[in-house]
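The annotation repeat 'WD' is assigned in TrEMBL to 53-87, 121-153, 168-199, 212-249, 287-319, 367-382.
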Amino acid sequence: MQITHLSDLTPPSQERTWLTSPHPTLPLLATCSSDKTVRIYSLTNFTLLSTITGGHKRSVRTAAWKPHISGESVLATGSFDATVGIWRRWDNYGAPSDAPTPADDEDENDENEEWRFAVLLDGHDSEVKSVSWSASGMLLATCSRDKSIWIWEDLDDGDNNFETVAVMQEHGGDVKCVSWHPSEECLASGSYDDTIRIWREDLDDWGQVACLKGHEGTVWFLDWERDVEGGGGARLVSCSDDQSVRVWKRRDVVREQGELSSASTGIPSIIRPVGSDEVWEEEAVLPKAHELAVYAVAWSKTSGLVASVGADGRIALYEERVVEGDETGVKEWALVSVKDGAHGIYEINHIAWARRADRGGQEEEVLVSTADDGSVKVWTLQ
């Protein structure tokens, strides 16, 4: 399997670009940059559609599209200015026939004006590092250098009102990432304190239900496995400053409740939560592919492949396979492709899977990598 360059997004930002967020239904990408802007690109022709400006006073570090809305796109952005912005726009564009051309300045200005800065969420005391919408689209999680995680509820009252429903401060360091489970109201977070924490609501109060320890450095990014019916416990992939990529699995609590009540579960205390009903296990450490910190991972919801990127400028691709010669179905992870120097000499900050749109293939995917030099590249697998 080869990782092959398809296109760059043009024109790129001239400053560091942190993250690219694919739209859940439209062929669009949102990129976050140190120049305080968010750029919206077409996935059909890889050109710039809009530049969102004016909402933040410092670098835009993160962005996420709200899922499950029809007729309108809603984008949450998080900035080093400690605020979270909510942007709205009617979905009268995004299809190839409606996309303005970069050369048409008048159309481009009209496009920019259609992005409405709906509301500014203020609460964090320091840089916002990550934002994530729940599967229902009603809850927004944000995290910050101030060591806190906030959960906001979109009241959906037509007035852009959000209510703070929880502030969690159990992490002992900068919280680098938050990620919602693809179908459950279950939140995962990763931190400078080297831990991953799992959060749920219980009797109207949000609290930690598990603390996963195993990484020996900052946990930079997390992603969930696709929601597989009958697939057993949920799984999560993480990456770290310790150069590793790890997979974690939640034990099936319902089926094993009797066992969990016993003091002799045999689960190491470092990953056994105290006073909760969830037990997570480190299922695998993926084959080593990076020589420096791993900044981002992405778990394909279509193919099940995992991609990782980091400070060494490398893109790595992993596949879970049945162990050769094993008749019991035991699986292992294999490193199936590596792309060195994907952005030249520059560090890669983020990787994401997106549906390929330049030739109409709904099931075909592309990888989108985002780097320190401002470039965003689209890759195919061959």
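Glycine is no exception: its Cβ is also placed from the backbone N, Cα and C atoms.
Curation does not apply to TrEMBL; its annotations are automatic.
Between the repeat 'WD' (367-382) and the listed ranges 121-153, 168-199, 212-249, 287-319, the one holding the most Cβ pairs under 8 Å is 287-319. Counting residue by residue with DSSP, the repeat 'WD' (287-319) contains 0 helix, 16 strand, 17 coil. Each residue in the repeat 'WD' (367-382) has a pLDDT score, and their mean in this model is 97.
Across the repeat 'WD' (53-87), DSSP assigns 0 helix, 19 strand, 16 coil.
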